[in-house]
């Protein structure tokens, strides 16, 4: 019987966001609305960045990458969540689970590294404006963006290969609404110490290292603005741009640190599910709002595009 348990784990059952079935129709409507808003908001920013010549600068190139990441990131989890809430068939194949885990960590870690790149871009733009176009030329921007995506992919590949090699036995119930590393390790048999070390140490190093780099960039930016900059308009514009980026950083890093770097003993599956909603659902829907509400260039480009659309419909 024990041998059967070891070999027959070819699918998992996702227990979802809530244990209360009466809430599922309401949650379906909420998450469908959120997913549509994510696609519209981030899709609009991506389209504007591509089509508006005024926004063909490094800052908006990276913002376009962020919008693309947010669309993909939410698409890894939300369509499956919606399917589970609608059909009540909450199973996922073993291979489907590993693929979801891979893409979730690939896009999440890419976003974390991209936050560093965006902080570095702001540091160069504010502290070294005369050399900005030379230091952040088209080739450098492509290189930085590609490095973010490749590093994120490599890190996630390591996670997914190591998880796929584990043996699963006993219960196949995942106490989550998607396949994440920590709930899967709870179901694994045998030694998972290396996997636990990967989650707590390697993920911790990436998250805390990235966050420290961002804080360091902002320390230099604020020091420069307070002690070397004499232009009030430059100070106001720089603080507005940096505030948008820093709000996005906080929205991303606080839940990630809470979920992955906290010791397993202090972990609750219900807490993890609530926190996961923050970084996988709430952050992608808020990012476009934060950048458009605080950024005159993006707001202006969106208004121009909407006016153009309305005029073309009238004639």
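Note that the numbers count up from 1, one per residue, in the order the chain is shown.
Yeah, the Cβs are placed from backbone N, Cα and C, and that goes for glycine too.
For 41-291, the entry in TrEMBL reads domain 'G-protein coupled receptors family 1 profile'. The transmembrane segment annotation in TrEMBL covers 26-48, 91-114, 135-158, 206-227, 239-261, 273-293.
Counting same-chain residues at least six beyond the ends of the transmembrane segment (91-114), those with a Cβ under 8 angstroms from any Cβ of the stretch are 9-14, 62, 65-66, 69-70, 72-73, 76-77, 80, 145, 147-149, 151-153, 155-157, 159-160, 163-164, 168, 174, 178-181, 184, 206-207, 210, 252-253, 256, 279-280. Packing against the transmembrane segment (273-293) from elsewhere in the chain are residues 17, 31, 34, 37-38, 41-42, 44-45, 63, 66-67, 70-71, 73-74, 76-78, 104, 108, 175-178, 180, 244, 247-248, 251-252, 254-256, 258-259, 299, 302: each is 6 or more residues past its ends and has a CB under 8 Å from a CB in it. Within the same chain, residues 58, 61-62, 65, 101-114, 117, 120-121, 124-125, 128, 198, 202, 206 sit at least 6 positions outside the transmembrane segment (135-158) and bring their C-beta atoms closer than 8 Å to a C-beta of that stretch. On the 0 to 100 pLDDT scale, the domain 'G-protein coupled receptors family 1 profile' (41-291) averages 86 in this prediction.
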